[in-house]
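What follows is a short report on a single structure.
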Amino acid sequence: MANDNKKKTPAMDDVLFHQKPDRRLLSYAPDVTGHRTNRDRRGRDSANPDTGDGYIKLQQDDKNGQRYLVDYEVTVRFVLDGKKQSIKMKGEDISTTGILLTMPAAEEAVSLTDATDIRLTFEITPGSMPEGYEMMVRKIPATCVREASRPDGTHIYGMQFKSTLAEFSNTHRKNYMLAVASFFLAVIVFVIVLMRAESVIYFQFNRWLYLYSIIAATFLLTRYLFGSFYRPTKIDPDYTPGVTIIVPCFNEEKWIQHTILGCINQDYPIDKLEVIVVDDCSNDHSVDKIKEIIERLKQSDGDQKMYRVEDRLHYYVQPVNKGKREAMAVGAHMAKHELLVFVDSDSFLDPYAVRNIVQPFKDKKMGGVSGRTDVANTYTNSLTKMQAVRYYIAFRIMKAAEGYFDAVTCLSGPLSCYRKDLVLKYCDDWLNQKFLGQRATFGDDRSMTNFILRHHRTTYQDTAVCMTIVPNSHKMFLRQQMRWKRSWLRESIIAACYMWKKEPFMSLSFYMGLLVPIAAPIIVLYNLIYIPIMHRVFPLTFLVGMLMMALLMSMAQLFLRRSTTWIFGVWFCLYYEAVLLWQMPVAWFTFWKSTWGTRLTPADLAELEKKKRKQQEKEAQKGKKVDDH
């Protein structure tokens, strides 16, 4: 009874930027007549999507024109009738090219269309625009392209920046950040190489320790090196193979509608794209939410069926909960197209994600492709900021390095694409996979990647982007990381049996990457506990090495993304050494556990029921002892 009376900590609300909704639900999907396409979207007249470079320009123009709902206080300075003036207004929505300002009806309207030398000052608060734009904008030149009044008397002013926010930032801030990041990256690499040279000199005094330090540094530096060589596959606008997007869903009532909208609202031929949502017998309101958004999309389609929603969007509800793999397999068997795109139910596709992720399949030997996953709720708290840095480096550096050799070892769950014939070929073995006699119930993406990579190529497409919701509490995050470590151990051991057949540099990098995290807990204990106690020596060199590795991640984030979150790369590395590192030994002895951790699957429910029974037994025994006395 005491446990039932405990107050539960309320869930933290995620901080997300809010895009201004388009008038149409399917604003990116071309209609059946071909009359409405992204060519005629406002601000995209200069882009010719019939060429690869033109399509890239189309995407960039679209991103520049995307508006975000905000609530900024904006100082407007201008010259009118020869006099310098300054007034305060509210920013209502913003893009990289302009901002919509409002002024209450009670205040006297000002004709900014007649003003000259207009300059705006405001702060882009973290989380109100995509990562990298958070900054103080001081006196950015602008022109008033529209002014009007709303029915309630509110004065509105459409302001166009004379240079985009990105260009303004490059001039005033980002070039400085780039120079700083470049300098520190050079210094960090130099220090790491110098320290490893010392390891070679003193190698004979402690061979195993210095060998590990050399391997760890070589692995890390070569990953960054090969990651810098990576380039995404260019877009061929005429290459549009048939694609089926499969969304396995379980207890995702909060995000599933957003996910479905992102999947169906793609800049891709509608006759070559379908979406299948497979609900794995959710015990919340996920199915109701799925039905609701499908009905809403059908209604928006109208009598003319301009987007063929009824033919392209389907859902299936499992009669009993069978797990994510079963849901994915059901979708694969229902699919009618040649490529399968798997999307997690809390991930949101960029409108150009499908067009980009299919491009590597022009190579007939390509079996699977992973897209890039960014964090949607970056600015919720320090934990999500750490994960945002980790995600970006994990994809843009680590996965890109594997993609350079067409040997990506994990086609990530939020966004990945496979050839359907290969998925069906390995489906039975995948569903019935066992490891050391225990059935594998998670690590679906790594497991399927192993089946594909053994005989085919897998790569990474950085331009295929999705956003995902990451855990905002340490409890959920640690459960997720434990699950990932268990699946990483299992699938890495399996991959070790065939990776030697791949490109030599990739093979060597893989085996180094397998050894380093497994041995890391022993190395940390030796340097931070054994050496200080037994030899009375402060482990300065080891701590400096850890700091250099942490700064390398942070400076790479600053160099590539120029975001204010870069410092959280250091905190993540410290968090990893203090907490996450020690999950590895636990994972070795609990790999057989089938609980998901971050959501209540049948295995989790059974585990909770087991704990509840134990608690009841303990309370019963306590009550019996009291009665005996």
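Using N, Cα and C of the backbone, Cβ positions are placed for all residues, glycine too.
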Stated TrEMBL location of region 'Disordered', expressed as one of 1-20, 141-160, 301-320, 441-460: 1-20
Chain residues outside the transmembrane segment (176-197) and at least six past its termini with a C-beta under 8 angstroms from it: 213-214, 217-218, 220-221, 541, 544-545, 548-549, 551-552, 555-556, 558-559, 562, 566
Cβ contacts under 8 Å made by the transmembrane segment (537-560) with residues that lie 6+ beyond its boundaries: 177-178, 180-182, 184-185, 188-189, 191-192, 195, 198, 213, 217, 220, 224, 389-390, 392-393, 396-397, 527-528, 531, 566-570, 572-574, 577
For the transmembrane segment (209-226), distant same-chain residues with Cβ under 8 A (at least six beyond the ends): 189, 192-193, 195-196, 199-200, 202-203, 397-398, 400-401, 404-405, 505, 509, 512-513, 515-516, 519, 523, 526-527, 545, 549, 552, 556
